[in-house]
Amino acid sequence: MTTLSDYVDFSQDSFKYAALSIAFNPIFWNVVARAEYRSHFLTRIFGSPYRGCYFLAITIFSLGILRDHIYQQALEDQPYYAPVHQPVLGGALFAVGSVLVLSSMYALGVTGTYLGDYFGILMDAPVTGFPFNVTGSPMYWGSTLNFLGVALYKGKVAGILLTALVFVLYWFALKWEDPFTAEIYAKRERERAKSKRGGKNQ
């Protein structure tokens, strides 16, 4: 009887490291961002919310590069399975994912992409143009498509399994992040409304 272990070598350390790095990154940036929001520790260390945000951006970007390298290495160590070797589809998914990620970064800028709102660096208005008119979370879903695209391009079931882990973690991250971010902006609007009322009463 065929089992998943026939297509995925769970004994490979590289597979375990890939899973750990995939799990670590969103947990790390959410924990650090919330700590910054509550205590402003990065702002105090670097003397400015912008410098603190740039430091976090470089850290998150570097961790992402490391995660991608570990993922690529993990796939090299995994069995090849011909039915999931779909290089054309994999390349197309990777291209679409890259467009979503890069256009999102362009639309949001550094501080918008890398949790600037937790530093008090808020955007004047939500971005509603491309790619946000396609999906509300283009960075996350674009990245997920990149993982899947690489897995299909290389014909590795392990890559599909790790992509599922990416999807689950990003889904939970959004459930955690979206309400918190919405409250940050709602708080700003309440403060603006209060300030306007105070100005009228003077």
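For all residues, glycine too, the Cβ spot is worked out from N, Cα and C.
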(request) Using the annotation in Swiss-Prot, determine whether Tyr7 and Thr144 are placed on a common side of the membrane. (result) yes
(request) Please work out whether the transmembrane segment (91-111) lies in contact with the transmembrane segment (46-66), by counting C-beta pairs under 8 angstroms that are 6 or more apart in sequence and asking whether there are at least 3. (result) yes
(request) Report, as numbers and ranges, which residues of the same chain sit near the topological domain 'Lumenal' (112-154): CB under 8 Å and 6 or more residues beyond its ends. (result) 29, 33-34, 36-37, 40, 42-43, 49-50, 52-53, 56-57, 60-61, 71-72, 75, 80, 84-87, 89-101, 103-105, 160, 162-163, 166-167, 170, 173-174, 181, 184-185, 188
(request) Go ahead and report the DSSP secondary structure tallies for the topological domain 'Cytoplasmic' (67-90): helix first, then strand, then coil. (result) 17 helix, 0 strand, 7 coil
(message) Just to be sure I understand, if DSSP states are collapsed into helix, strand and coil, how many residues of the topological domain 'Cytoplasmic' (176-202) fall in each?
(response) 26 helix, 0 strand, 1 coil
